[in-house]
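Asker: Sharing the record's features from Swiss-Prot:
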- 8, 10, 42: divalent metal cation binding site (BINDING)
- 8-10, 34-35, 56-58, 61-65, 132-135, 142: 4-CDP-2-C-methyl-D-erythritol 2-phosphate binding site (BINDING)
- 34: site 'Transition state stabilizer' (SITE)
- 133: site 'Transition state stabilizer' (SITE)
C-alpha cells in the first residue's frame, strides 16, 4: 500500500469559468492558471503522482509548456491515471477536500465524483469529494482563492 498527498491553491479572478472536479460551476469568478486551473483535480493528480513516487504535476505538465495552455484538467487526470497504471499500480481510493468559502459544492459533488471516477476508470465508491471553509481566515477565507487537498491510496 502506498499513500500520496496532494495540495494546490489558485487565485480567484474575474473573466474565467470556475471548474472544480471537472465540473463547470456557475460563479462570478474563476480560478487563474495556465490550464483550466481546476484546483481539485490538480490536488488529485499530485496525490496520485506522489503515491507512485513520480514527482508532481509540474514535472509532468509544466505551466511553461504551451500545449497545456487552457487544457482541461480532466485530460491531465486521465494522463496521470495512465502513468500510475504504467508503473503497475492500482488506485484503491481517493479522498479530496475543497477549501473555499463559496460556492457551496453540494449540488455538484456527485457529478465531481463521477467525473473523477470516469477519468481514472474507478467506481464512484472509490472517490470521495468534500468541502470545508477556513471560517473567514486566510486567502480562501477572504475569497481571494481556493485550495484543495487529496489523499490517494495505491496498491
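Yeah, the Cβs are placed from backbone N, Cα and C, and that goes for glycine too.
Because the structure is a prediction, the values reported are computed rather than measured.
Quick one: where do these features end up spatially?
Answerer: For the recorded site, residue 10 (divalent metal cation binding site), the DSSP three-state label reads strand. The C-beta environment of residue 10 (divalent metal cation binding site), restricted to residues of the same chain at least 6 apart in sequence and closer than 8 Å, consists of 31, 32, 33, 37, 39, 42, 145, 146.
Other Cβ atoms within 10 Å of the Cβ of residue 133 (site 'Transition state stabilizer'), summed over all protein chains shown, number 14.
Around the Cβ of residue 34 (4-CDP-2-C-methyl-D-erythritol 2-phosphate binding site), the same chain contributes 63, 64, 68, 69, 70, each under 8 angstroms and 6 or more positions distant in sequence.
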Asker: Whole-number Å distance between the CA of residue 8 (divalent metal cation binding site) and the CA of residue 65 (4-CDP-2-C-methyl-D-erythritol 2-phosphate binding site)?
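Answerer: Distance (Cα to Cα, whole Å): 19 Å.
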Asker: Which residues, same chain and not among 8, 10, 42, have a CB within 8 angstroms of the centroid of the CB atoms at the recorded divalent metal cation site?
Answerer: 9, 31, 33, 37, 38, 39, 40, 41, 43, 147, 148
Asker: May I ask which of the binding-site residues 57, 62, 65 is closest to residue 133 (site 'Transition state stabilizer') if we compare their C-alpha atoms?
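Answerer: With Cα distances computed to residue 133 (site 'Transition state stabilizer'), the winner among 57, 62, 65 is 57.
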Asker: When DSSP is mapped onto helix/strand/coil, what comes out for residue 65 (4-CDP-2-C-methyl-D-erythritol 2-phosphate binding site)?
Answerer: coil
